[in-house]
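Annotated features in Swiss-Prot:
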type	residues	note
CARBOHYD	Asn95	N-linked glycosylation site
CARBOHYD	Asn187	N-linked glycosylation site
SIGNAL	1-31	signal peptide
Amino acid sequence: MANFSESKSMMAVFFMFFLLLLSSSSSSSSSSPILKKIFIESPSYAPNAFTFDSTDKGFYTSVQDGRVIKYEGPNSGFTDFAYASPFWNKAFCENSTDPEKRPLCGRTYDISYDYKNSQMYIVDGHYHLCVVGKEGGYATQLATSVQGVPFKWLYAVTVDQRTGIVYFTDVSSIHDDSPEGVEEIMNTSDRTGRLMKYDPSTKETTLLLKELHVPGGAEISADGSFVVVAEFLSNRIVKYWLEGPKKGSAEFLVTIPNPGNIKRNSDGHFWVSSSEELDGGQHGRVVSRGIKFDGFGNILQVIPLPPPYEGEHFEQIQEHDGLLYIGSLFHSSVGILVYDDHDNKGNSYVSS
């Protein structure tokens, strides 16, 4: 387990200077135009996270009422796939946006597909770390605490496709995802977040990092040598080493304004949602960007989000087959951006 000091404020100044350079650059490698916006209406509110199975026929997303749903094309639309809560029922939970119902219905914040074993890992704010098979249904709960400290608000999850080991974050060890909990996290600048791993072969959960500053994202590298973790309130990404001479240690990687969830693309690079808070924090102005960076901390691309995501917090930006999937807590549709000249024939299930 590792701890580390905060980065220098000059890194934030450098980042903002770098953004100005990107915005004025004509290089397509740093700033690609949005060619098309696609919106797929969800049967429930706030589709915020995505994953894809090995068939590559559609996608999965988690929604506000506690479900994980699957989209299989414009003809089939969405179908229910999984529930983290064993108590989820249609009459009480379906399409609910009431936070008071989350303890019963659940609220999934991230999902990650294990291709080798054809199963999906789920992190839920109330039912914690779960797994469900390829047929879906009610998920099996795997872990609820680490070192005797219960999880309060699991938020990000990723699977090492080589080993099957699961890495996930807890936003806070004290406060949950209730409106009151969120307010306390922000007001106290909570630093009790954690990074954990779960080994399905031993069924053991291990604490890797603690005292994180609202860790809203985590993703493993393509070679499995490190995990990158986003600290929302520290405006930074840190790298935790899993292999090599630095194994078990963490280090500052790159400054990102208010980073959210992180997802790796097929090139081994990382996309992170950035909802930069201006004018006094969460009730002020927000600058919404998708930012791509590499494992060395180099910023490769910055994409200002178009309406309706412009100027608001968003949860996730994930690249798949040349499309960018946008996860948000404030809309009832899945936003998909075509941002370059990739051939998207493999994604014919997406209706345009």
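Note: Cβ is positioned from N, Cα and C throughout, glycine not excepted.
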Count the Cβ atoms, other than its own, that fall within 10 Å of the Cβ of Asn95 (N-linked glycosylation site), considering every protein chain shown.
13
I'm trying to understand the geometry here, so how far is the Cα atom of Asn95 (N-linked glycosylation site) from the Cα atom of Asn187 (N-linked glycosylation site), in Å to the nearest whole number?
30
In three-state terms from DSSP, label Asn95 (N-linked glycosylation site) for me.
coil
Mind giving me a neighbour count for Asn187 (N-linked glycosylation site)? Other Cβ atoms within 10 Å of its Cβ, every protein chain shown.
10
